[in-house]
Amino acid sequence: MIPPEIRRSVLLQKAIKLALAGTLLTFASFSATAADPSSDTETPQPPDILLGPLFNDVQNAKLFPDQKTFADAIPNSDPLMILADYRMQRNQSGFDLRHFVDVNFTLPKAGEKYVPPAGQSLREHIDGLWPVLTRSTKNVEKWDSLLPLPESYVVPGGRFREIYYWDSYFTMLGLAESGHWDKVADMVANFGYEIDAWGHIPNGNRTYYLSRSQPPFFAFMVELLAQHEGDDALKEYLPQLQKEYAYWMEGVETLQPGQQNQRVVKLEDGSVLNRYWDDRDTPRPESWVEDIATAKSNPNRPATEIYRDLRSAAASGWDFSSRWMDNPQQLSTIRTTTIVPVDLNALLYQLEKTLARASAAAGDRAKASHYDALANARQQAIEMHLWNNKEGWYADYDLKNNKIRDQLTAAALFPLYVNAAAKDRAAKVAAAAQAHLLQPGGLATTSVKSGQQWDAPNGWAPLQWVAAEGLQNYGQDDVAMEVTWRFLTNVQHTYDREKKLVEKYDVSSTGTGGGGGEYPLQDGFGWTNGVTLKMLDLICPQEKPCDSVPSTRPASLSATPTKTPSAATQ
């Protein structure tokens with residue numbers, strides 16, 4: 001909508017109308033459910049909506065090797081004016097699209113390559129990276145896709161110039177280990193602010209991430225802060241914990257058995273579980289061309305359906321994995337929204353338990369009992385519907401075929417991580433993980449080689465942490481040590497050779513970064529730094545901490561803070 005106080009020439013007004021018409025026409029071809037820019041003036045619109053045909057043309061022209069570059073570009077003036085100008089110029093002889101972009105946008109700066117001081121140990125390198133990866137965005141440009149946050153925060157690194165939801169918890173583990181409790185508190189405050197502002201924590205603090213969330217680790221973040229601040233942290237963030245829970249459970253009251261609404265599903269027996277969901281069904285701005293190509297490769301499916309499933313996989317954090325596909329070699333067979341993920345439901349169980357604890361800390365016994373009952377119901381649903389009795393591991397539920405899926409993934413360890421697994425089942429999961437996923441360099445994400453980054457042979461720091469902690473929770477200390485030791489050795493060998501930590505690792509050996517996926521391997525790297533530092537302190541005694549991974553395997557892991565076990569673990 002053009003502000004009334006701005007006076008423009010008749011010609012320019014006509015051009016703007018043309019531009020807007022083109023924008024609406026462009027997006028009608030992608031989805032009828034795309035957000036209406038005028039429906040909520042408080043919610044900033046992503047660049048694909050702000051710029052319409054210009055955004056589409058720039059991305060399709062592949063002006064930049066990484067599609068995220070233009071998604072992060074900042075318009076130098078009102079996008080409507082730029083769009084109108086583009087509509088007038090683009091058919092003129094000699095029009096240069098790249099020149100037009102350079103004149104009208106500020107492109108993101110290439111990250112300065114961090115050169116660490118020579119001779120640093122692994123610990124020294126990580127401690128030195130915290131200030132390098134710290135950002136502050138209290139004030140941003142008016143049309144920037146970056147969303148402002150009140151406090152400073154730590155980014156993952158590389159192409160990821162913003163904060164990411166689930167990444168941040170594992171980064172915060174390292175910050176706490178380094179004694180940076182002020183930064184931990186700042187990041188929890190930022191996520192609380194986002195919940196208050198948007199009703200949920202978006203995938204990242206970009207406008208184009210607002211339509212989805214990510215694995216809900218906010219409860220873990222608050223629990224981490226409570227280790228330092230006590231129950232005051234639980235009481236302070238109880239309202240935000242409740243709001244996040246409301247976001248994930250929106251629409252549950254009206255669901256009939258067999259129905260789904262956004263992020264919540266009700267199975268035929270009345271069990272309530274959750275799935276990943278994105279509110280939009282258009283190509284992702286940060287992967288525009290790739291998503292369009294994926295949809296075109298499978299003309300038998302509606303493009304909007306594929307776009308939604310791609311976006312929902314991004315919400316899962318596992319973008320992409322054979323876990324979500326019918327054919328692991330064909331991304332267009334992805335159907336994330338028809339799969340009930342075991343890890344998501346384990347995390348929501350943890351959220352319910354944290355809500356119960358926070359309510360009790362606030363003196364509300366009735367609410368504490370209410371959330372405990374919800375957690376118990378979810379735990380029963382996990383045991384009933386997300387356990388593959390034939391294979392002997394936790395797995396995802398297939399809504400389309402109304403049955404448990406057979407694939408073993410590292411997500412099977414999440415019920416152990418949140419203490420929601422039965423003891424006998426935890427032992428079976430440990431045996432399965434050791435037999436099928438444990439590799440020389442750590443725990444593989446799956447056993448499938450699809451070329452996607454959340455598949456074999458890649459291993460990711462957060463999944464190593466979840467597995468090791470979950471196994472320890474159930475007395476599977478030897479397997480937990482193997483996961484920890486092998487992954488740390490992989491990180492150390494890679495660091496020794498390249499003097500950096502990376503986003504993911506090839507766990508089929510040691511000393512090699514991972515591959516696959518939509519973009520090159522990224523350096524930094526927030527969650528790897530955090531998990532590595534935490535694991536270093538677990539394999540070395542407190543009285544004699546180690547700065548690098550020891551050359552010989554320790555006998556056992558150091559003790560970690562005890563989590564309250566659920567009834568299932570007794």
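Yeah, the Cβs are placed from backbone N, Cα and C, and that goes for glycine too.
Going by Swiss-Prot, these are the annotated features:
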type	residues	note
ACT_SITE	ASP319	active site, proton donor/acceptor
ACT_SITE	GLU503	active site, proton donor/acceptor
BINDING	ARG159, TRP166, ASP167, ASN203, ARG212, SER213, GLN214, ARG284, PRO285, GLU286, GLY317, GLU518	substrate binding site
COMPBIAS	554-570	compositional bias 'Low complexity'
REGION	544-570	region 'Disordered'
SIGNAL	1-34	signal peptide
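Overlay of Swiss-Prot annotations on the structure.
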{"residue": "ARG159", "record": "substrate binding site", "DSSP (3 states)": "coil"}
{"residue": "ASP167", "record": "substrate binding site", "DSSP (3 states)": "helix"}
{"residue": "ARG212", "record": "substrate binding site", "DSSP (3 states)": "coil"}
{"residue": "PRO285", "record": "substrate binding site", "DSSP (3 states)": "helix"}
{"residue": "GLY317", "record": "substrate binding site", "DSSP (3 states)": "coil"}
{"residue": "GLU503", "record": "active site, proton donor/acceptor", "DSSP (3 states)": "coil"}
Euclidean distance between Cα atoms of ASP319 (active site, proton donor/acceptor) and PRO285 (substrate binding site), Å: 15
GLU503 (active site, proton donor/acceptor) and ARG212 (substrate binding site), Cα-Cα, nearest whole angstrom: 22
Cβ neighbour count (within 10 Å, all chains shown) around GLY317 (substrate binding site): 22
Cβ neighbours of ARG159 (substrate binding site) where a neighbour is any other Cβ within 10 Å: 18
Neighbouring recorded positions, C-alpha within 10 angstroms of ASP319 (active site, proton donor/acceptor) - of ARG159, ASP167, GLN214, GLU503: none
GLN214 (substrate binding site) to GLU503 (active site, proton donor/acceptor) - Cα separation in whole Å: 17
Cα separation, GLU503 (active site, proton donor/acceptor) to GLY317 (substrate binding site) (Å, whole number): 13
C-alpha spacing of GLU503 (active site, proton donor/acceptor) relative to ARG159 (substrate binding site), in angstrom: 11
Cβ-Cβ neighbours of GLN214 (substrate binding site) (radius 10 Å): 21
Rounded distance in angstrom between the Cα atoms of GLU503 (active site, proton donor/acceptor) and ASP167 (substrate binding site): 10
Other CB atoms within 10 A, centred on ASP319 (active site, proton donor/acceptor): 22
Cβ atoms near GLU503 (active site, proton donor/acceptor) (within 10 Å, other residues, all chains): 27
